[in-house]
Amino acid sequence: MAETVDDKVGYLQAVTGISDPDLCTEILAAHNWDLQLAVSSITANPSSPEPATSAAPRPSREADLVAAPPLPPPPQPGIAWKLVTLPFYVVSGGVGLIAGSIRLGAWVAGGVLSRSLSLLGLAQGGADRLLELPPSVAEAVDFVAEFEREFGAGPGPRFAAEGFSDALQRAQREYKLLFVYLHSPDHPDTPAFCGGCLCAEPVAAFIDENFVAWGGSIRRTEGFKMSNSLNASRFPFCAVVMASTNQRIMLLQQIEGPKSPEEMITILQRVVEECTASLVAARIEAEERLNNQRLREEQDAAYRAALETDQARERQKREEQERREREAAEAERKRKEEEEALARAAQEAAEKEAALAKRRQEKAMALGAEPEKGPNVTRVCFPFFAYRP
């Protein structure tokens with residue numbers, strides 16, 4: 001309730017601008033702690049005096065509880081005075097609402113920023129972890145630290161610093177059983193069991209070699225939950241479990257009450273012998289599945305390589321065929337161009353010869369007939385000599 005009252009007081013201060021928390025508390029108490037009603041009563045009456053501007057001392061809260069004699073009601077102002085002061089009231093109320101909204105926004109923004117910085121570990125107390133661990137992992141880490149601090153870091157089993165489900169999955173991946181220890185700090189047999197049995201070197205070595213060890217305190221959430229799931233009725237309590245289908249666990253052995261190191265090793269040895277066949281079968285099945293998967297991947301890779309080779313060969317043949325077709329087309333084009341050039345040359349030569357013959361004929365026709373020899377005819381001869389340099 002104290003936190004709710006403080007929140008309401010802070011919200012009323014942010015909206016109304018009243019700096020006195022005691023006055024805000026009295027206003028809320030007068031309105032039956034209805035925050036909306038208190039804010040509405042203040043914003044609806046802007047002519048009420050601000051607490052910080054009042055010079056007269058305010059009576060104490062104890063004095064407010066004493067019944068005071070009724071005072072005569074003050075005279076009501078006239079309608080003219082109400083009309084004159086109405087604009088001032090409206091402006092004052094609007095300014096008060098705007099200022100209150102600004103202060104409320106700053107208050108909310110400051111709270112959000114402070115919460116964000118605290119989550120990131122940058123505010124006060126930033127020496128803590130920047131990234132908070134999941135609750136189950138944090139409980140496991142705390143249990144390991146407390147166990148090592150109380151019984152020593154060397155002799156005990158290597159408890160997994162992770163949640164129960166993660167430890168169970170780890171044991172399944174490693175084809176081991178999960179050794180569970182539920183720690184009851186208040187039980188009188190706990191110190192002797194932890195120090196004399198769990199921390200005994202043969203027991204710790206046997207557990208580390210054949211199991212994945214997980215421990216939890218029944219004072220914490222996951223440890224208490226596992227104690228209910230495993231029906232732990234007597235402490236010290238240990239159990240051996242393994243993963244089952246549909247995200248369930250199979251309880252293989254319960255070890256309740258104090259045990260000597262020899263008894264603990266005998267019980268654990270019997271459980272390991274009983275489950276060795278199933279663990280080996282699971283390992284072989286997983287290896288076969290892994291080998292089959294690897295074989296399929298290799299076959300797929302070989303098929304893809306052969307397909308790429310065939311595609312490259314086909315592409316090369318197609319490119320070679322296209323190159324040959326282009327060369328044949330180019331040769332045919334050149335042949336046609338040569339034939340057309342020869343035809344044009346022959347045609348031009350024929351046309352030139354015909355033009356020359358025509359011109360000779362025209363010249364011969366223009367000269368007329370040669371006269372016969374006679375006294376009036378003179379014959380002139382022009383000898384031509386070939387010039388050789």
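Here the Cβ of each residue, glycine as well, is placed from N, Cα and C on the backbone.
Pulled from TrEMBL:
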REGION    44-71  region 'Disordered'
COMPBIAS  44-58  compositional bias 'Low complexity'
DOMAIN    146-269  domain 'UAS'
REGION    308-360  region 'Disordered'
COMPBIAS  310-342  compositional bias 'Basic and acidic residues'
Predicted model, mean pLDDT over the domain 'UAS' (146-269): 91
Counts of helix, strand and coil residues, the compositional bias 'Basic and acidic residues' (310-342), according to DSSP: 33 helix, 0 strand, 0 coil
Helix, strand and coil totals (DSSP H, G, I; E, B; other) for the domain 'UAS' (146-269): 53 helix, 30 strand, 41 coil
